[in-house]
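To start, the structure itself, in structure tokens.
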């Protein structure tokens, strides 16, 4: 069966719907070979030169217009960014032209995670602009990078800070008293400074503290912190006993386990470290990051800069959990929307059983979708497009969509 790749509306107009190919990368925290969903999905796109290597580690597949790991139009091999420039008004729409510099304002990815990503935050827009001006080689754009992650299965993450009382009680333990600045009640500035001091501690000190922590029994810890004894050896196996990232994540941060369909939101300046799982991730159009743990010392950014810009909210799971909502453009109720508190995008998730259909009315901005499971047909502007697991499509503004499943069909779509 020949696959219809694009729909040409007229000789003078760019196609409104067309299939893309993504680009995989190979960060060491990814999964090996076929265990990587990112690589599996990348390999499903027909007509590319990507060959899955069982000996290689695959961490992410990107499918946006950002210069790093860019998406391409499948039928021509052209960069998505170049095609968008040919007719910005049609392909991006007036809203994107007016508010987002005529570029796709979001960057979607698939992540496959086998061990902790670097302990990190993404700088706010003012700081990102300053860093880009001072060091454009490492900070490649002036934008902020708030992001969401939607779990495709079990997903473990460290994100945001625990309640202050829980943190303070841990630093009353003998191995940690050296970092407790005072007997008084902690506030956010106390936590900021303790985080700074943990990250600045000598390797020998970090190793000593981790050794002492590992010798504690579960009864030595507050009841809500018993998981620390299970995760500490796991993190040490990944990054060694001298990485202070283990202390910051286990002692100060929320450890959360999510299931398929759960989503989290990480704001600019929000501390986080994803630990394991497969996710759909989407963020504002940026690749700026400050790393301070779970990575080689040479790759770490300024600890003082990192600590100075940390944000603090309510110190709970609710700081990051992003519930799904009913989507008002769904005609058949098969699609939900995740609406992060940012303007660059929303994320849709559609789930269709065998033989079911869904229709979405058009958005005023563009969308990029990926089939994360199943098989079906997409109808748009009088044309049909075959949909299989791993297929990626660009959808211009003003296009109504109809999806018909052959098997249970799941689609994730970033829209604005």
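The backbone N, Cα and C atoms fix where each Cβ goes, glycine too.
Here TrEMBL flags 120, 122, 147, 272 as Zn(2+) binding site. Annotation comment: TrEMBL describes 17-164 as domain 'Phosphomannose isomerase type I catalytic'.
Taking the Cβ of residue 120 (Zn(2+) binding site) as reference, residues of its chain lying under 8 Å away and at least six apart in sequence are, in sequence order, 271, 272, 273, 289, 290, 291, 292. In sequence order, 121, 145, 266, 270, 271, 289 are the residues of the same chain, not among 120, 122, 147, 272, whose CB sits within 8 A of the CB centroid for the Zn(2+) site.
Secondary structure of the domain 'Phosphomannose isomerase type I catalytic' (17-164) per DSSP (helix as H, G, I; strand as E, B; remaining residues coil): 40 helix, 41 strand, 67 coil.
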